[in-house]
Structure formats: structure tokens, C-alpha cells
Amino acid sequence: MARGPVYFWEQWDIQILVILSFTLQVILLLFAGTRRRAGLGLFRTLLWLAYLMADYTAIYALGHMSISSRSGGHQLMPFWAPFLLLHLGGPDTITAYAFQDNQLWLRHLLTLVVQVIGAAYVLFQFVAVGRNSSTLLVAAALMFISGCLKYGERTWALKCGHMDSITSYQHRYDYKQGGVHRNPYQGREGRNKLDTEEVLLAAHYTQSFWQGLLADLYVMQASQYDVVRQGIRLNGDLYLYELIGMQLSLMYDILYTKAAVIHTWCGFCIRIISPLSAAAAFLLFQFSGKDAYSRVDIVITYVLLVGALVLEVASSLRAGGSSWACATLHARGWHRLCSAVMRVRRLLKAAERRACLNSIGQYNLLDICTDAKDDLRGKMAKMMGLQGWWQKLHYASTIPISDGIKTLVIAEIRKRDIEDLRNARGKWILKERRMYEDLTRVADETELDRCIIAWHVATDLYLSICPEPFAASGSSRTTCISTICGGSF
């Protein structure tokens with residue numbers, strides 16, 4: 001009895017790992033998209049585990065397969081190696097779980113090279129046996145090519161999410177695709193309000209602006225500013241919140257999904273090649289001889305083939321019906337096709353699922369600095385290497401965005417002209433208080449992330465020493481400012 005589980009694992013380890021790898025891909029495809037909205041801590045932890053296990057499982061299975069394929073006990077087993085490469089490519093909905101994953105794209109590139117060599121070696125063993133039909137060898141070659149393309153695409157997407165790539169993109173950005181500058185709201189004066197899909201299209205139009213914020217570049221163009229003003233005229237002041245919510249959603253796509261590469265010509269070709277390769281491999285396997293193979297191995301192969309076909313077709317349909325596809329079609333002047341895709345998206349309410357929750361996170365740096373020394377629980381968490389997790393749990397929170405906050409922000413924006421908005425680092429308030437000459441470095445020479453920290457601390461200190469009569473008379477305004485301060489960090 002003691003040898004039972006060990007013997008079972010020795011006989012079926014590869015089969016278990018391959019099915020587990022496929023199952024993890026399905027989980028990531030179905031649930032990775034929900035991460036863009038605030039979720040329960042347990043759900044995010046499970047998604048994180050699935051993200052990590054998907055890579056580790058496929059890599060371990062490929063390594064183990066390179067040894068087991070020599071034994072010849074399961075002749076069909078080497079045919080599964082390309083599917084593991086396909087799994088390592090991952091679904092379009094998630095390439096990185098954290099921003100730091102993009103910084104490690106070179107490590108993923110090295111892993112890509114090693115795993116492709118490993119899969120090629122396993123396939124070589126498959127060919128060297130000499131007992132497999134030529135149709136099956138062709139099917140294996142097709143899936144190997146598809147797997148290499150998908151894995152390479154994922155590595156490319158990680159590179160595109162790297163800050164250096166975003167900065168490089170900003171320096172060469174030009175929305176005049178196809179030589180035509182296309183306003184998404186052209187001809188909309190005096191007509192009905194903009195719907196969610198049209199707001200999302202404007203978010204794509206202003207891509208250089210919100211990507212420029214990540215790259216610490218001032219890239220708001222006058223034409224983009226005109227589009228925003230036109231949206232406000234049609235939808236009212238709250239249009240800004242709709243637009244910013246969509247921009248944040250697109251920013252998530254760039255950093256954590258394959259959106260940056262799917263809608264290039266290479267991505268378009270991969271979306272065609274992968275489903276066709278899976279369909280051809282399925283047909284070739286269907287008409288090949290299977291008498292020499294284990295029934296269990298045949299069933300697993302069918303699961304992998306059908307699963308790959310379904311996942312790739314779903315990926316291609318998802319890409320073709322995405323807002324990124326609509327933006328590309330609109331920019332190239334293919335308005336009828338763009339309108340047709342948008343009508344389908346309206347029926348499915350696709351854009352509404354992108355909308356951010358009406359809440360704002362709160363995180364106070366001064367609270368962490370002042371409480372950490374005296375908090376016994378924080379000290380214990382630090383000793384166990386869980387300081388970051390404890391600070392998130394104890395000091396981070398989420399509160400609803402009140403109408404007062406929206407009104408305050410819009411009022412401040414309306415006071416400024418386009419140049420102020422393009423260079424918004426607190427310069428105007430420093431000039432109003434006659435402090436700009438002394439703090440020029442903070443307003444003009446500091447990187448965006450450091451500037452946010454500086455203003456976060458300065459605002460919190462000011463509110464903490466604010467005289468009580470002033471705080472009482474403007475308690476609502478003070479609360480709004482404090483909330484914005486906590487959400488900025």
C-alpha cells in the first residue's frame with residue numbers, strides 16, 4: 001500500500017502534468033480578466049497561484065518528458081511537447097501578474113530559448129523512434145511552430161510592458177496612422193450623448209497621453225484636448241471620470257496582457273496561424289493510425305488538440321472583437337467595419353465590463369512610518385519576511401468616491417489651461433503661493449513617481465497641522481482633499 005501512490009505517479013506523472021497544465025490555462029483564460037477590478041484577497045491569491053503554477057508545471061513537464069521519452073513506454077507522449085510550449089505562451093488575458101514581471105522579460109526570453117530546445121529534443125526522440133506515421137509527424141511540427149510563436153509573443157508582450165519600451169514608444173508615437181488624423185467624435189456636435197463604446201474609443205485616441213504619464217513625458221496634444229472638451233459638452237462633466245476609467249483599463253491591458261502585440265501585423269498573423277495549425281493537427285491525428293498507442297494517451301491527446309483549437313479560436317475572436325481592434329479600424333478609416341464590430345460589442349455590453357469600480361484606494365505613507373516602530377505585529381511580520389503583505393493588509397483600504405471629490409477635481413481642472421494640464425506637477429499652486437522659485441526642482445525636475453510621493457507627504461503634513469477652525473469650516477473639502485491624497489500614493 002505504501003508503494004501505491006509512488007507507483008501511480010511513476011506510471012502517470014506526465015499525463016497528470018499535461019492535463020494540469022491545460023486546466024491551468026483554462027482557469028487563466030476565464031478568470032484573469034476579472035483582476036482588472038478589485039477582487040477578494042482569496043480570489044487574487046488563487047489567481048496568483050494559477051499564474052505561477054502554469055509556468056512551473058509546463059516547464060517541469062517538458063524537462064521530465066525529455067527523460068521519459070527515451071523509455072518508449074508511451075510512444076505518443078513526445079507529441080504533447082509542443083502543447084506545453086503553447087501553454088507557456090499563455091492566454092491573451094494575462095502575461096504578467098505584477099509590474100515587476102515585465103522587468104524580467106530577458107529572463108523569460110532565456111527560458112523561451114531553453115524550453116524550445118527542450119521541446120525540439122523531445123520531438124527529435126519522437127521522430128527517431130521511426131514507428132510513428134508521417135501525418136502525426138506533420139501534426140507535431142505544426143503545433144511546434146504554433147507553440148514557438150505563442151511563447152515568443154508572450155515574451156514580446158512582456159518587453160512591451162517594460163518601462164523602457166513604453167518610453168521608446170512615446171518618442172516615436174504618432175496617432176496619424178495611415179497618414180490620416182481621425183477624431184473619434186467628428187460630426188457628433190449637438191447629437192445624442194456618447195455611449196460607453198464611444199468613450200472607450202476616445203480613450204484609445206488619447207493613448208499617447210496616458211502612456212506618457214507612465215513614461216514621465218508631457219505628450220498631451222491639442223487635438224486630444226479638443227476631443228476631451230467635446231466629450232464634456234456632449235456628456236457633461238462626469239465624462240472625465242468615464243474617460244479616465246477607460247484609460248486606466250487600457251493601461252492595465254498594456255502592462256498585464258498581450259494587447260500591445262496582438263494588434264500588430266505579427267499578432268494578426270499569429271491569430272490566423274495558431275487556430276489553423278490546431279485544426280490541421282486535429283484532422284491529421286484523426287486520420288492517423290492509433291493502434292500502437294495507449295487508449296488513455298489517445299484520450300489525452302484529443303483533449304489537448306480540441307482544447308488548443310477552442311482556446312485559439314476564442315483568442316482570435318476575442319482579439320477581433322476587442323476595443324483595440326475597433327481603434328485600429330477607426331484609425332485606418334475602415335469606419336463601416338468598425339461600426340459593425342462596435343454594434344456587436346454594444347449587444348454584449350463589452351465596454352461596460354471595463355468600467356472601473358466607483359471607489360478609490362487609500363494608503364498613507366506617514367502612518368506606516370510612524371506606526372511601524374511601535375507595532376508589535378508589524379515587527380513580527382518583518383521578522384518573517386511578510387512586511388509588505390502586512391502593510392498592505394493593515395494600512396491599505398478602499399472607500400467610495402463621493403460626488404464631492406468629483407466636483408472638487410473637475411473644478412480644479414476647469415481653472416487651468418492646456419499648458420497647466422500638460423505640465424501638472426503642482427506648479428500652479430506653488431505660483432499662487434509664491435513658492436515656485438524656491439521649489440522649482442519639485443515642480444519641474446522631479447520624476448513623476450517621486451513627485452507624487454512628495455505631494456502626498458506635503459498634503460498630509462499640511463492637513464495634520466491645519467488649524468482647527470479652518471478644518472471645521474471646510475470639513476467636507478478637507479475630507480475630499482485627504483481622500484485624494486491617500487489615493488494618490
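For all residues, glycine too, the Cβ spot is worked out from N, Cα and C.
Sequence annotations record features per position, and here TrEMBL assigns transmembrane segment to 12-34, 46-67, 79-97, 109-128, 134-152, 262-285, 292-311. Per TrEMBL, the feature domain 'DUF4220' maps to 48-367.
In the predicted model, the domain 'DUF4220' (48-367) has a mean pLDDT of 85. The stretch from 12-34, 79-97, 134-152, 292-311 that makes the most Cβ contacts under 8 Å with the transmembrane segment (262-285) is 134-152. Sequence-distant contacts of the transmembrane segment (12-34) (same chain, six or more residues past either end, CB-CB distance under 8 Å): 43, 47, 50-51, 53-54, 57-58, 60-61, 64-65, 68, 74, 77, 80, 83-84, 87, 90-91, 93-94, 296-297, 300, 303-304, 307, 311, 314, 353. Remote same-chain residues near the transmembrane segment (292-311) are listed as 15, 18-19, 22, 25-26, 29, 74-77, 79-80, 83, 86, 91, 131, 143, 275, 278-279, 281-282, 285 (criterion: CB distance under 8 Å, separation of at least six residues from the stretch ends).
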